[in-house]
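Some features that TrEMBL has for this protein:
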TRANSMEM  69-88  transmembrane segment
TRANSMEM  298-319  transmembrane segment
DOMAIN    302-463  domain 'SSD'
TRANSMEM  331-359  transmembrane segment
TRANSMEM  365-385  transmembrane segment
TRANSMEM  438-463  transmembrane segment
TRANSMEM  520-541  transmembrane segment
TRANSMEM  745-765  transmembrane segment
TRANSMEM  772-791  transmembrane segment
TRANSMEM  797-821  transmembrane segment
TRANSMEM  833-857  transmembrane segment
TRANSMEM  872-894  transmembrane segment
REGION    913-932  region 'Disordered'
Amino acid sequence: PPAPPTPSYPAAVPRAGAGGLEIMGKGRSNAAEKGEGEVSMAGKMANFVDSKMNDAFTKLGLAVATNPWRTIVVAFVVFFLTVMGAVFNFQTESRGEKLWIPQNTQALDDQDVYESYFPSEARFNTVIFVAESGELLSPEGLAVLQEAFEFVEGITVEDDGQTLTFQDVCLEGNTGGYPCVITSVLENWGFNGTTLAADADPLATINAENTVSELERYLGGVSVAGDDVTAASAARLNVFLRSNSEVVDGDEIDEIGEAWEEEFLDYFIGRTLTGANGVRIECYPQATRSFSDEFGSAIQGDVALMTAGYFIILGYLAINLGEYTRVKMRLALSAGCLVAVGMSVGTSIGLSSAFGQFYGPVNTVLPFVLLGLGVDDAFVIVNSLDQTPPLPGERLEAPTRMARALGHSGVSISVTSLTDFVAFAISTSTVLPGLSTFCVYAAIGILALFGYVTTFFTACLVIDSRRQAATRMDCCCCIEAPLPSQDKAEVEYVRPVSRVSLFLRDYFAPFILKPGVREAIILGFLAMFGAFAHSATLLSVESSDRSFIPDGSYILDTFDQEDTYFAGRGTPVEVVTTDMDYYASQGVLLSLKERMSGRETRKPYIKDPSDEGSGYESWLEEFVAYLEVANPGALTTDADGYRVVATEADFYAELRTYLNAAGSQYNSSVAWQGSEEIAASRIGFEYVSFLEDDPRGGKRDDTAKQVRAMDGMRDLVASWDDVEGFAWSYSYLNWETFKIIYRELIQGTGLALLAVAIITLVLIAHPVASGLVFLCVAMTIVDILGVMFYWDLVVDSVSVIMLVLAVGLSVDYSAHVGHAFMTKQGTNEQRVIAALSDIGAAVLNGAISTFLAVVLLSQSDSYVFRVLFKQFFVTCVLGVGHGMIFLPVMLYFLGPKPYSNEGSTSPHVEMVRTEPDVAQNPGATAPKPTGA
């Protein structure tokens, strides 16, 4: 329908409202009107800020309401322009080291140096074979393992029309005479089935060639008699492929390796191998591609849950934004709210891409964040319009009415939106790239959402108001739905207070303000804060790598077998030497074994290299041992008693010969520069196991000890004046995260709370009111940390992100109530009741809708979405509890004077329920409460 002529902007005047409603212009408190005391400086500042913001949003509301269709067109133009950034520069990133490894750390610097000498060249694949009866080492069990290896050996892949065999794609090496790098008990027979079948006593062969510690590299659950292994319940087959990976759009792609691993996994997943005499062996595989496959499938499987969540919100909005009639239903307006949220997501992706920010896996939660905030803002704006009655001579759909409604609600949603924006903007300073880029997307998305809600959604609301005034059906606005005269009269007035608002005004608010109850509420919330603060101190930093694997995945079964049979293995670590005269430093390098002895129980917690199975591997020590047999005349004894090569010429010549033949397994431990100069070398050690008992059951890594071990190893190597080099382990990349993640939690949350304090102070503009809002948000965050402990959540990169989100969400629940209190008149008790009656229903609807958006994610297989559900659920419950119970009671005791707003051209209006004057108007009846 066409817009009516715009009337002149009327001043607010007291008037008797229809159906028992009294509309009162906003003014100073009773005390101020009587001249009892002067307004403080803080009060004057609050009045000034509120007046200016109210005027600004009133002008915006008038412009939008006068030209709603033009506003919608402009909003779509802005959307399409901003989303173009994603069209031309959208980048994804899924590599863990690019997402969750702190930038500018020693581990990344050392990795660059390490891989310049020893590039990563292998893809790791393994199968754990389990026979609980311990018959793996019987002739029948070994025959089954040989058959499994022969299947592996027979896998072929196609590449540009060429068939590649296993030996074409494997990492070249020498394992028991086989030309590939493989770890298996079968290496004792050179992976030759005929040799194995001809062996009359396989156990004797195994024990003759290996010590127990050496066999435990690939055997688990071993039974030992004396120095011999008699049985084993598990054996592993490790296969290394040559890596041909390249980075494409943030993903590492290796078509040959991935194709080979696909066949490898298809064969072994869930397979039970059988042999003679009833031998049964279970297979538990894992490949390099396994993690990305499983995590990706979990995310894709949640698309249906995400879509269903949006439909639930659409239904909830339709039910609660309007009434259950053909005209007053607001299904189309609800869809407009979701469109505004979708537009903000698109703008966020577009502008972030234009700024060079990649899109990471965790960014998939962004639509839920913006959905929760957008729905909350929509309820506040619609609630404000519904409670803004037309003034004398003003039609229901008049632009001036929308202007007054947005003038009131715009200030409220500004407090929450700008606080959320600044909180995320500050959090972009984190050293975790995955968190930083998410915060960029979220900050831009929140700012875009604020713009679209105050323009696009407001324009949709104006059009919907015109539709209702013309009594046209919802979603079918071309069809007029004539109403009975009584109902048609209702369209012309502000709709009555909802049942929720009536409950909050008549029952809930008076109850929490009762003497004794209000004191009990304060003591109860403070006691809860103290208990959860203590629980928060018990939160542990843990690796969540396994949590990203969906429930029921075969990888979890493989990890369980790994923990059962091979948990004693420690983390390998290497001393990498560079820029040394290796001939002159032979004694120094040989002395590293002694220098690392006796450090199992003190930093850096290294297994004693002299012990069997310690993981100690020295190319130089093995080289000297080789010469003792092959060419003892080339050796001499140095001043420290170490056997070393006598001449430099012999050293390099003999070393070349050794590494190319008998010592080929150590060839990759020496990086050459030219024919007679070593650029770098590496000597391997092994940490003790860092597994500890988990109070929740099972085992977990002691991450604090891992960090101490890393720092201790670095300090130890740096203290050696005669060694140029550094300590390195690929595990250091994760341990660096453990080292800083708790600091990131405190820093990120602290900065977000600081943003809350500053923005609420500026926009609410009164130190007491903003201080109480900040107190509620801070207590909510501490309580959430405490609940995390009881809900088995740990401090990791995902929970840090979700906690920043919690700050943004919890602000909404408290800031709306705090701002509404400042706009109400009367005693503090009257103002608390009026504030809860006015804004409480919108706050509850916002919280409920946020919960409904993620409730289906409780069934997700994805760790990210499960944590999202838990954090949002806890945030909704605790945020609403603090915002609608604790804060009102605190405002009752400590609330400052309201805004006076003198001189404002757009005075607020508030609605007070009164009984109809039946004596003067016998036909008058009290208005019916409407839906939720």
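Note: Cβ is positioned from N, Cα and C throughout, glycine not excepted.
TrEMBL does not curate its annotations; it predicts them automatically.
Keep in mind the model is a prediction, meaning the values are calculated, not measured.
Counting residues 6+ beyond its ends, the transmembrane segment (438-463) has Cβ neighbours under 8 Å at 57, 60-61, 64-65, 68-69, 71-72, 74-75, 78-79, 82, 332-333, 336-337, 339-341, 343-345, 347-349, 351-352, 355, 357, 359-360, 362-363, 366, 369-370, 373-374, 377-378, 381-382, 385, 397, 399, 402, 406, 410, 413-414, 417-418, 420-421, 424-425, 427-428, 430, 801, 804-805, 808 in the same chain.
Counting only same-chain residues 6+ beyond the ends of the transmembrane segment (833-857), those with a CB under 8 A from a CB of the stretch are 302, 305-306, 308-310, 312-313, 316-317, 320, 368, 371-372, 375-376, 379-380, 382-383, 387, 412, 497-498, 500-502, 504-505, 508-510, 513, 809, 812-813, 816-817, 819-821, 823-826, 865-866, 868-869, 872-873, 876, 879-880, 883-884, 888, 891, 910-912, 932. Residues 525, 528-529, 531-536, 538-539, 749, 753, 756-757, 760, 764, 799, 803, 806-807, 810-811, 814-815, 818, 870-871, 874-875, 878-879, 882-883, 886-887, 890-891, 894-895 of the same chain sit 6 or more residues outside the transmembrane segment (772-791) yet have a Cβ under 8 Å from a Cβ within it. Taking residue pairs at least 6 apart in sequence, the transmembrane segment (365-385) and the transmembrane segment (797-821) share three or more C-beta contacts under 8 angstroms. Cβ atoms under 8 Å from those of the transmembrane segment (745-765) belong to residues 42, 45-50, 53, 411, 414-415, 418-419, 422-427, 429-430, 435, 771, 773-774, 777-778, 781, 795, 799-800, 803-804, 807-808, 811, 815, 818-819, 822 of the same chain, restricted to positions at least 6 beyond its ends. Within the model, the domain 'SSD' (302-463) shows a mean pLDDT value of 87, rounded to a whole number.
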